[in-house]
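Some features that TrEMBL has for this protein:
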SIGNAL    1-22  signal peptide
TRANSMEM  153-178  transmembrane segment
TRANSMEM  185-204  transmembrane segment
REGION    490-510  region 'Disordered'
DOMAIN    502-561  domain 'Sushi'
DISULFID  CYS532-CYS559  disulfide bond
DOMAIN    562-625  domain 'Sushi'
DISULFID  CYS564-CYS607  disulfide bond
Amino acid sequence: MDHSSFCPILLFILALVSVTSGCFCDHYPWSSWTFCTKTCGQGSQQRSRNVRYDDHWKKNNCATLCKTHESRMCAVEECPINCQLTDFGPWSECSPCAKKMFRVRSVLTPAQFGGQDCTQSLMEDRSCHPAKKCQIEAVNCKDKFTCDNGTSFIFIFFFSLSFYFYAFFVFLSFYFLYFYILVKCVIYCKFFSCLLVVFSDISLQDSRYFRAHQVIATATFRTKSSDLYLSAPFLEFLNSLPLEYNYPLYRQIFQLFGTHYFASGTLGGQYDLLYQYDHETFLSYVSASGSFVQTSEKSLSTVKGGRSEYAAALAWEKSGAPPDSTVYKDWIKSTIDNPTVINYQLSPLVDLVRGFPCAVTKRRHMARALAEYQASFDSCKCAPCPNSGRPVLSGTECLCLCQTGTYGSNCEKRAKDYTSEAVDGRWNCWSSWTDCDSSLKRYRTRSCSNPAPQRGGKSCEGENRQQEECTISIFQEQNVCINDDDFVTEGDSESELPPGASGCPKPKPPANSYLRINQRQYDYGAHEEFVCFTGFQMEGYQLIRCLQGGTWQEPKGRCIKKTCSRPTVPEDINITPDKKEHSVGHDITLRCADTRKKLQGPRNYVCTSALTWDPPIPPNINCNADVQLFVQDSRCDKGQQHDGSKCVCIPREDCRKYNEDFCVFDPATGSMRMMSFCAFHAGRCHGDKLYFMNDGPCETSEARLDYAKFRASMSEISSVRVPCGSDTCYEWEVCSSCGCITARDCPIKENTYCLNLQWLRRTKKMSLCGMGALKCGGFKFEILNESECESS
């Protein structure tokens, strides 16, 4: 291209630029911002430009170049949430050792976003006069836990889930102690030379921080449960706990002694040094030679472990102590004499409850109380934090831990370069555990909806359903003591005969059963019967006999499971019929508790001979708000839609998207099932023999199904067929309400049926109306013939 042709093009472009860039938007000032739509919880404000449609506006394309409306977020701070507590529960029984009664309450709604915190106590106690004596079996640990030189020692550590710390004293079999050492005695501690691990982390994303992380490991430890001897105060408290579950009393053990203990870990020291840089200065030192330490604006160091004087000296080195410095070397040596726990694994305190009377009973109660105790400090009670901050519950107040790029007391503020709109999902609280089913398992669920993931945010990590083994007790209301051998005893041991008695002691029942007679002593030749738990059936012979040698005959029967357990579904899904166990061949229906929501997954399931549900119940089945309401075309009959100039039946497949609201009897399958309004009437329009039963879930009783079959078989010969909403009423029904009339209210007609009335044990001739009224009322009869009854 020559210069002569290039110039006109350039002039044309410059002319366009001059035309489109000549508008001065500031000639048209903005109005003031409107009031914020909310005082808290992220509202919005608007403002508009005061436009004068003059020549400058029109000639300079200002309508394109100048914004005329703007909006912005305001009052981004979350609304304060005040703390709310539940009411106090009942008083516990009087503790014989503490001589006190307790009652507790929990946090219903934690304080958050600057709301008023709860200052009231979560527990109350009062003095009482116990009915039992405080007794404890004496255990002499003095000679069981000594070093080779005969000197004993003690290990002390602290841990509590509730952010408060309490002392828990346990005698251990190694000499490294967390806080205090009385004597050095090496038994189970494994030593190795000091190991220096240095991790350096430079963040090049913003190039502002440098971290030096150094860990010194001097020893590892592992506790052995067989070598742990519990202190007298702990044993006394355990012994004073009641055999009945009482949360206030069992909660006290966690308040006083903590929830977990160190099962294993690593001892040593830890040194952290964090440098902060000016961005520009840092870049200049990257391009040239220089010291990262010298360019830092600020530094922060933390030291754990080691003797206090050396740890303080090392922490004072703000510019960092090199590995070859005297300060650093002195600190490393001191970590051998005074290490700290730098890595550990915890085990529940419940695991230590062994080897004393009624240990199994109290261990189960402690595990149950621990679950309640942990739930009371679960951050799932907190409201979502802004900008995907992570909520944590501290006492009765929720705090927000901010992501990188966000800040503020509740993470409500953003850095300029933080533009993400994603909202990460967080778990709601776990549902209550289901009852223990016949497979000796129970379940609980939770949902990722606090908040749910939005705009590309991360989904919740972890499982939404938990399962654990459980026990079925037939002694719910009794003070039953179960020892570590899992044998039930009431008072003295019942596995042995009383002194001077002959015969057989009480036998241990087979799995999944209990004893019917259940006595302490049996004569020779006497029988005992074991009865299966609910959900199990006897296979074989249920009786056993006391033999001459004082032993019991081997059982020739067993209890096996013959039912499907109630499926675990979210709390907003109802199961009909709602039973713990369902027999083979029985079906269930799932429905959303909120009728405005739609179930995502199949609704009907049947218990198979393999004791599973068919089809398998999806693990992620849920209800959502994506429900379409069916609107009947007013120009056509039910089940039809307008197509051009005529009404045609709605295709069956078009009805699948609608909620199933009706219980319908289908004679083709001989069963009742749920259908939508659309599917029911569209099916009838296509010629399907379908009979309306009721709104809502189907009642799957045998009497209900028997009447449905009778009604369908007699509907064709009924002389009365009156529409009643979606139903049709026949001659034995009241058409105003689609209910049944009594037999005496039937019109007098020629009697055409001979019935065998089973409850009267005689025959009687009746009309179709009278026969239908009897069947509707639940009376049982047999149709002998359609004519006069033969005289006997």
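Cβ atoms here come from the backbone N, Cα and C positions, even for glycine.
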How long is the line from the C-alpha of CYS532 (disulfide bond) to the C-alpha of CYS607 (disulfide bond), rounded to the nearest angstrom? 20
Count of other CB atoms lying within 10 Å of the CB belonging to CYS564 (disulfide bond): 26
Using DSSP three-state counts, the residues of the domain 'Sushi' (502-561) come to 0 helix, 28 strand, 32 coil
Three-class DSSP secondary structure - CYS564 (disulfide bond): strand
On average, residues of the domain 'Sushi' (562-625) score a pLDDT of 83
Cβ neighbour count within 10 Å of CYS532 (disulfide bond): 23
Same-chain residues at least 6 apart in sequence with Cβ under 8 Å of the Cβ of CYS559 (disulfide bond), in sequence order, are PRO510, ALA511, ASN512, SER513, PHE530, CYS532, PHE533, PHE536, GLN537, MET538, GLU539
According to DSSP, CYS607 (disulfide bond) sits in strand
